[in-house]
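Just below is one structure, and these are the notes that go with it.
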Amino acid sequence: MSVLVFIECADGKVKKSSFEAACYGQQVAASLGTEIVAIAIGEVATEELKSLGKYGAAKVLVDEEPRLKDYVSQAYTKVVAAAAEKENASVIILSNTNIGSGIGARLAARLQACYAANVVALPEISGDTLKVKKSVFSGKAFAEENLSASTKIIAIKKNSIEVKETGSGEAAIETFTTALTDADLNGVPQETVRATGDVLLTEADIVVSGGRGMRGPENWHLIEDLAKALGAATACSKPVADVGWRPHHEHVGQTGITISPNLYIAVGISGAIQHLAGVNSSKVIVVINKDPEAPFFKAADYGIVGDIFEVVPKLIEEAKALAK
Ligand SMILES: Cc1cc2nc3c(=O)[nH]c(=O)nc-3n(C[C@H](O)[C@H](O)[C@H](O)COP(=O)(O)OP(=O)(O)OC[C@H]3O[C@@H](n4cnc5c(N)ncnc54)[C@H](O)[C@@H]3O)c2cc1C
């Protein structure tokens, strides 16, 4: 019996959300008296994979099949299922990303497993049952669910688990191959064009986001300059993307991307529930709005009541000074 953790990679590196999944897996494995094995797919730097040893992975299986350089749902599912069978995994941990949730649902069907997505805390373990807490209704409530099938799949919501090194060892790397058919590979991406700039929005620790209060795209340099000074990604509210001030892939909320950065700075955004649905699991929320009655202040950890065009240039100056 083991706990298998699926590791997502981008640009040859392990994504932060996968370190979170490894830490979660390590703690579950410790409670079950077993160890974690990780599975990574595609080209990933060996040092990155070895570093998973610091987060409890004794071994990392790597499938470097060139056709799996980019995510292919059926094929990735088959590889993870084969790794789970090889390692006799009773618990499989994924990150609750687009890729993780795509694989999770397919895996559950393939392995006759139970699957809990959006999990926000370590499970309570009672015999063969894992009780998990998950975020539901776009982050407005929590649900507890008992997972009792012999194979359990858990997808961790980003930023729910602190990434902590638990050891100094290096994980052993083992090449892993899975026999794939043409049918497994009938949806291979031909080209991937990076949507965001320097910092990937879904992986960013800090996000600076602008709303209709920015008045127009000609003022977006304020959002970009603040983001640059903080090493942050940029985002926006839906109407901003709808009118074409910003591209749609930056739109966060119920109908856009869901993010959970450590710091979310909302500039000139009112805080409608549809917007909050995509950002309310951020660790710290800072709101800048000239209207003290703006609903976003109720969800904020820190609020600045003031005019964007006075407040943000000062913040940029301060952030630049701190970075020196
Ligand atoms: C089905 C459905 C799905 C939706 N999905 C989403 C979604 O995914 N994401 C999303 O964002 N929205 C979504 N919406 C839209 C949502 O309801 C709001 O209309 C939207 O979030 C408002 O965007 P905003 O805050 O940028 O604009 P506004 O509501 O117009 O707010 C602008 C804010 O800027 C402030 N402001 C103006 N000038 C200044 C200044 N100079 N200095 C400081 N503050 C200033 C104002 O006080 C105001 O609070 C959805 C709506 C529906 C019906």
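Yeah, the Cβs are placed from backbone N, Cα and C, and that goes for glycine too.
As annotated by TrEMBL, domain 'Electron transfer flavoprotein alpha/beta-subunit N-terminal' applies to 3-189.
Annotation comment: TrEMBL describes ARG212, GLY268, ILE269, SER270, GLY271, ALA272, ILE273, GLN274, HIS275, ASN289, ASP307, ILE308 as FAD binding site. Taking Cβ-Cβ distances under 8 Å and a sequence separation of 6 or more, the neighbours of GLY271 (FAD binding site) in its chain are VAL287, ASN289, ALA294, PRO295, PHE296, PHE297, LYS298, ALA299.
Ranking the binding-site residues ARG212, HIS275 by C-beta neighbours within 10 Å puts HIS275 at the top. In the three-state DSSP assignment, the secondary structure recorded for ARG212 (FAD binding site) is helix. Only ILE269, HIS275, ASP307 of the binding-site residues listed as ILE269, GLY271, ILE273, HIS275, ASP307 bring a Cβ under 6 Å of any atom of ligand 1; the order follows the sequence.
Considering other CB atoms within 10 Å as the measure, the emptiest surroundings among the binding-site residues ILE269, ILE273 are those of ILE273. Under a cutoff of 8 A between CB atoms, and with a sequence separation of 6+ in the same chain, the neighbours of ASP307 (FAD binding site) are LYS290.
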